[in-house]
Amino acid sequence: MQSSLARPLRPPVLAGRGGRRGLVAVARCHAEAAPPVGTASRAPAGPYTGRDPEVKKPAWLRQRAAQGEKYARLRESIGELKLNTVCVEAQCPNIGECWNGGGGAGGEGDGIATATIMVLGDTCTRGCRFCAVKTSNKPPPPDPLEPLNTALAVASWGVDYVVLTSVDRDDLPDGGSSHFAQTVKALKELKPGILVECLTSDFRGDLEAISSLASSGLDVYAHNIETVRSLQRIVRDPRAGYDQSLAVLKHAKACREGMVTKSSIMLGLGETDEEVKQAMMDLRAIGVDILTLGQYLQPTERHLTVREYVTPEKFQFWKEYGESVGFRYVASGPLVRSSYRAGELFVQNLVRNNKTGSSSS
């Protein structure tokens, strides 16, 4: 039976704004009864953009506006120091929960606040069709003081775990790897006990750039495959690729004993269950430890149309499946993003145990 979403949409349009990691905006589905587990309305096949005016946001995707004391304090500090965060630039729906320490948009949580700092500026050289980060072929040069300023800011917040990410910088000889590495080293010098996760670009597959960053003192090397193999050219910038992303993660894992690696997959772009399972197996085959899965939400009508709204029950299925095939930690849910509660205690213990094991062997 044809879905009411399966009607002609506007022709494909390459997103005028794009990037790698942002995700969010208003996602909506029909106000009818919720579909069975693992099913949802689908748009036509193909790289369609635009929004269907007849669809409505499902209840499980509604999120209160971010508020709370920790959130307000962190937002003020980031603004004063002129730092970029993927939480803001990519319109992440979990900004309140992560910045408040796991307590939702405004409640009290476990106290583990996580902010993802975006280095190398706020302008990406690539134009992935899912992302809200702005793009340009010639972004401004990196701020040479950014590594130190970032380290000073993070050290002042008193956090034990920080995520550093970046836009793609194909305009730089090393893709920005050395700038990234300088930031990690500055953080470790100011606060040796802090755990640092780096969510990186693919550096155009440059293994030396990957090695440089992987050897900088970081604790978790993250790089996202974003979607299943068959949808790569539709979803990501042509300069990115499934096999190239796997090669990045494989090389990072080999750079240091005890290295924890991580990746993420968006659902709702038209992938099949078998394709998701294959992507998981491909990641496990190269030793990836941590996986996150979340719903793709369309940032603007110029970005890819949501083709499926995956139910919370199906996300729970994927969490259990991921654990069954060997991932050491799986975060799976409609609003989960790459850095979702990255620093929670289980992940911190996983990283520290890996360090202890590698140093004693």
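Positions of Cβ are set from backbone N, Cα and C atoms, glycine also.
Sequence annotations record features per position, and here Swiss-Prot assigns [4Fe-4S] cluster 1 binding site to Cys87, Cys92, Cys98, Ser339 based on sequence analysis. Marked as [4Fe-4S] cluster 2 binding site by Swiss-Prot: Cys124, Cys128, Cys131. The domain 'Radical SAM core' feature in Swiss-Prot is assigned to 107-328.
Features per Swiss-Prot, on structure.
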| residue | record | DSSP (3 states) |
| --- | --- | --- |
| Cys124 | [4Fe-4S] cluster 2 binding site | strand |
| Cys131 | [4Fe-4S] cluster 2 binding site | coil |
| Ser339 | [4Fe-4S] cluster 1 binding site | coil |
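Counting in whole angstrom, Cys124 ([4Fe-4S] cluster 2 binding site) lies 19 from Ser339 ([4Fe-4S] cluster 1 binding site) by their C-alpha atoms.
Cα to Cα, Cys128 ([4Fe-4S] cluster 2 binding site) and Ser339 ([4Fe-4S] cluster 1 binding site) are separated by 19 Å. Per-residue confidence over the domain 'Radical SAM core' (107-328) averages out at a pLDDT of 93. In the shown protein chains, 29 other C-beta atoms lie within 10 A of the C-beta of Cys124 ([4Fe-4S] cluster 2 binding site). Between the CA atoms of Ser339 ([4Fe-4S] cluster 1 binding site) and Cys131 ([4Fe-4S] cluster 2 binding site) there is a gap of 15 Å.
Here the binding-site residues are Cys128, Cys131, and the one with the most other Cβ atoms within 10 Å of its Cβ is Cys131. Packing around Ser339 ([4Fe-4S] cluster 1 binding site) is summarised by its Cβ count: 29 other Cβ atoms lie within 10 angstroms of its Cβ, all protein chains included.
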